[in-house]
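K.L.:
One structure, as structure tokens, below. Some questions next.
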Amino acid sequence: MAFLTALFLFLFFSFSSSAIVDLSSETTSLISFKRSLENPSLLSSWNVSSSASHCDWVGVTCLLGRVNSLSLPSLSLRGQIPKEISSLKNLRELCLAGNQFSGKIPPEIWNLKHLQTLDLSGNSLTGLLPRLLSELPQLLYLDLSDNHFSGSLPPSFFISLPALSSLDVSNNSLSGEIPPEIGKLSNLSNLYMGLNSFSGQIPSEIGNISLLKNFAAPSCFFNGPLPKEISKLKHLAKLDLSYNPLKCSIPKSFGELHNLSILNLVSAELIGLIPPELGNCKSLKSLMLSFNSLSGPLPLELSEIPLLTFSAERNQLSGSLPSWMGKWKVLDSLLLANNRFSGEIPHEIEDCPMLKHLSLASNLLSGSIPRELCGSGSLEAIDLSGNLLSGTIEEVFDGCSSLGELLLTNNQINGSIPEDLWKLPLMALDLDSNNFTGEIPKSLWKSTNLMEFTASYNRLEGYLPAEIGNAASLKRLVLSDNQLTGEIPREIGKLTSLSVLNLNANMFQGKIPVELGDCTSLTTLDLGSNNLQGQIPDKITALAQLQCLVLSYNNLSGSIPSKPSAYFHQIEMPDLSFLQHHGIFDLSYNRLSGPIPEELGECLVLVEISLSNNHLSGEIPASLSRLTNLTILDLSGNALTGSIPKEMGNSLKLQGLNLANNQLNGHIPESFGLLGSLVKLNLTKNKLDGPVPASLGNLKELTHMDLSFNNLSGELSSELSTMEKLVGLYIEQNKFTGEIPSELGNLTQLEYLDVSENLLSGEIPTKICGLPNLEFLNLAKNNLRGEVPSDGVCQDPSKALLSGNKELCGRVVGSDCKIEGTKLRSAWGIAGLMLGFTIIVFVFVFSLRRWAMTKRVKQRDDPERMEESRLKGFVDQNLYFLSGSRSREPLSINIAMFEQPLLKVRLGDIVEATDHFSKKNIIGDGGFGTVYKACLPGEKTVAVKKLSEAKTQGNREFMAEMETLGKVKHPNLVSLLGYCSFSEEKLLVYEYMVNGSLDHWLRNQTGMLEVLDWSKRLKIAVGAARGLAFLHHGFIPHIIHRDIKASNILLDGDFEPKVADFGLARLISACESHVSTVIAGTFGYIPPEYGQSARATTKGDVYSFGVILLELVTGKEPTGPDFKESEGGNLVGWAIQKINQGKAVDVIDPLLVSVALKNSQLRLLQIAMLCLAETPAKRPNMLDVLKALKEI
């Protein structure tokens, strides 16, 4: 007994002594940990002077008196992880997540042999992943995510950690391939590897991790194909491989993953069909396939999955939306936007009682919106924008008692906006780009939840009522491009939450209400293109948060307010300020007068200033140079005087500077050479003098420079040749002297060069003639001499103007240099030569006149022969081939006449080639005349248009075509080769088009189906759009065709289309677009607005082109008896009626109907309907039309 007592006491004291030593060591380690921190005060409870045990300190947990857990997450601890932590021998959990630790993991940590949980996520740790992890055999949970680890995954990670059940290395900078040893982790259930730079294929050994439940590796660089062994993961519940360039199809073997609940393959560059085998995944709740290139229909087998979420946006899925969707009884979100689904929206969607989010935007859906859509009342967000939906929305959404967002933009919905929409809990209502008519219901403004209401590009009319002030929650109101009238109500000032107000392109009148200044949250105010009058209220421009102010195209008068928004006065550019509509100040096209306020120079965050086309006077304030963020400054079209401030060279971000059409004088500042970002510089039509600064050669980004119509002088600097991106250089009508620098031949991007009407001398540099991209060269009216170089553009009279240089010689100017070089030494010899020539001409003319009179007597009784004789009577008149003109950048230029008669062809050749304009050679009728086929000597076939005398507009048409076609060269425009004018006779010579007109093929050509198939029709649509887009946008001034129709689309031997017959075309100058009292166009193609206004626009051409697209897709004429029962009695009305009835497919030409081509045909129909919008402002421009057609 005594022995046992002694043994017990010995063991007790021995254990106590050991424990005391261990406890002292642990306390020391914890204190060392604290002291190593850069902010130790955050662990204030760790204090050895207190009576509390270290086991009671924050984050410390003990078992049997020893530390087994240290958990200090999200405390903002800073510093490096101290190696002393390895002294905590019994530690099983170490969690330092969500702090600010940096540096590497100390290797001593691997001495913690009992460690089961290691969480170092959310810090700034660096270095390679430590290979010594294999020294922790009991590790179950490892989280190193959200750090800065680099390098590859060491195979030892997977070989020596057999117990590991969760591994997270996501959001680091790891790279390389995944080693096949990953298959050794037989107990792993969670594997997170995303947001790294891993590459290669996922190893097939992944299938050996039999217990894996969650596998997430998004946002890496894995590629396909995916290993079929994934199907062996029978416990897999979540698979996320999104945002990887897999470039493969979805494996059919995924259908064997019966426990799969979440499948996320978003933006994985997937191709092929959605495999029907996915229907075997009976546990699948969330299927996310958006942003891929999947095609085909939705497989029926998906109907058997109890999905909560199905997203497949931005793919190429097609077919109709299946009615079996109604089987998804627990579906919460259905997102199928940006695909190619067609047909009607199935009413069975009402059978999805849990559906909250429905997005079917940007498809080819047609017909009316089914009233059953809101049958369950659960929908909270509906997006049907960008389809072909038609009909009205009366009572359609009455049952949507939970609806907070309704987006219907860019459809063909008509009728009025329902009165009862205000009863819904709507926060966003977007109705842009439809055919809504009538007034905006007053009841809508009673909505207390409405934060966004947009209805631009419709045909809404009426006025804005005072009740608008009741919509207190409204933040965004966009009603641009409608027909709203009246005054802007003062009550709009009550909308203190309003951030964006856009009423552009309406018919509002009166003054801008001062009360708008009470909308203190306004960031964007756009009242442009209305009929507003009066002065700009100071209270508006002083709005503290105003970032975009557009009041252009009104009748505003008075001076510019001197205290713009406080937002503009910020010292630094705020965040997001480079987004669209930030820092814009546009007051152009008004009647504002007085000086530009100096205070504008204090608005340091202004990005764009446009004050053009007003009546502003005085000098340009030097203070504008302080606007260091300015990218565009347009002060053109005013009455500004004085010199250009040299300080403007400080605006280093300036990309566009337009000071044209003012009265500025003095020199061009040398400091302009500092504007390294400048792309376009326009100083035309001022009174500038002096030389062009050599410093402009520093403008390496400049593409267009116009210094024309000034008094600039001196020699042209060779430094201009360093502007390597220059496309257009215009310096005509100045007083430049000296020679043209040959260094300009280094400007390989140059397309337009005009140095005409100066005092330049010397020879034409050969290098300039050989510029590879030069389309137009105007050297006319200088003092140039010598032989014209035989290279490139100088030998092309359609591209080079050389007239007015008397000492030039060579074939192209019709003067032989050798003959001209042999001087006649005797003045008597010259006089004798001239006298002899005169006698010869006199005798010839006298004889010809006698012969003609004799013939006229013989033919007096034959009208047809009299016509032939009259034509033959001027056979000595020359048929001149045109020299080209050029397009140019300034807003307005004078019409360029054709000063270079070349390659003379006798009219007799034309008369003979057409057999005296015989009826058998007629190939068509153009505007105001008949077109004949003619084969000239040399086997050149041309088309000759003989303008009719009976047409009172014949001379106008002739001049219009001359002015237009002589300046334009494009592969999709018919080239005008020559012309002749004698008395009342006028002839135009065009290139001959073998396949005639589109009109001929669509209606008269036998065997049309075999030849004019869908691919050719699409080719014709794209080519014709390309030609018309060039007329509208290829250069300034723009060109309106005014008579676009199928007979004016000609086809060459390869069915490449070319736009023809510019008989009604006219150049638009800066403010000229009115036609004569004669309505332009051809019946069936005339836009509706031409019957109400004398103003011709490019949007009128777009409408006519929309009719041509309809002809191509339907095979029908624009007018005819087939349309008697249709609205408007024409093809357009018939097509709209069919589409509104949900029968868009019936519009397609029956000869072309094909399941494979239906989507592209419906897409062309959709583009046509956009072009045919009744309101011009709703129509796209031709560049947008061309882009859309090319994407089919």
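Cβ atoms are placed via backbone N, Cα and C, with glycine included.
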K.L.:
Would you mind telling me which one of Asn414, Asn1004 Swiss-Prot calls N-linked glycosylation site?
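P.N.:
Out of Asn414, Asn1004, Swiss-Prot attaches the N-linked glycosylation site annotation to Asn414.
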K.L.:
Who sits close to Tyr990 (phosphotyrosine): which same-chain residues at least 6 apart have their Cβ under 8 Å from its Cβ?
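P.N.:
Those within reach of Tyr990 (phosphotyrosine), by Cβ under 8 Å and sequence separation of 6 or more, are Val931, Val942, Ala943, Val944, Lys945, Val974, Ser975, Leu976, Leu977, Ala1060.
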K.L.:
Could you tell me the mean pLDDT over the repeat 'LRR 8' (259-281), as a whole number?
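P.N.:
So the average pLDDT across the repeat 'LRR 8' (259-281) works out to 95.
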K.L.:
Could you tell me which of these glycosylation sites, Asn47, Asn171, Asn187, Asn711, Asn746, has the greatest number of Cβ atoms within 10 Å of its own Cβ?
P.N.:
Asn171
K.L.:
Among the recorded positions listed here (Ile923, Asp925, Gly929, Asp1043), which has the Cα closest to the Cα of Asn47 (N-linked glycosylation site)?
P.N.:
Asp1043
K.L.:
Determine, using Cα-Cα distances only, which of these recorded positions is closest to Asn746 (N-linked glycosylation site): Ile923, Asp925, Asp1043.
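P.N.:
Comparing Cα positions, the candidate nearest Asn746 (N-linked glycosylation site) turns out to be Asp1043.
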K.L.:
Sort out for me which one of Asp925, Asp1043 has the most neighbouring CB atoms within 10 A, since those are the recorded positions we care about.
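P.N.:
That would be Asp1043, with the highest Cβ count within 10 Å.
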K.L.:
Report, in whole Å, the straight Cα-to-Cα distance of Asn414 (N-linked glycosylation site) from Asn187 (N-linked glycosylation site).
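P.N.:
That separation, Cα to Cα, works out to 62 Å.
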K.L.:
Given the recorded positions Asn555, Asn629, Thr914, which one's Cβ is surrounded by the fewest other Cβ atoms within 10 Å?
P.N.:
Asn555
K.L.:
Distance check, please: Cα of Tyr1085 (phosphotyrosine) against Cα of Gly929 (ATP binding site), rounded to an integer number of angstrom.
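P.N.:
With distance taken Cα to Cα, Gly929 (ATP binding site) is 19 Å from Tyr1085 (phosphotyrosine).
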K.L.:
Return the count of C-beta atoms lying within 10 angstroms of the C-beta of Asn435 (N-linked glycosylation site), excluding that atom itself.
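P.N.:
Looking across every protein chain shown, the total is 20.
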K.L.:
For the repeat 'LRR 12' (378-400), DSSP counts of helix, strand and coil?
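P.N.:
DSSP composition of the repeat 'LRR 12' (378-400): 0 helix, 6 strand, 17 coil.
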K.L.:
Quick one: what's DSSP say for Asn414 (N-linked glycosylation site), helix, strand or coil?
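P.N.:
Looking at the DSSP assignment, Asn414 (N-linked glycosylation site) belongs to a strand.
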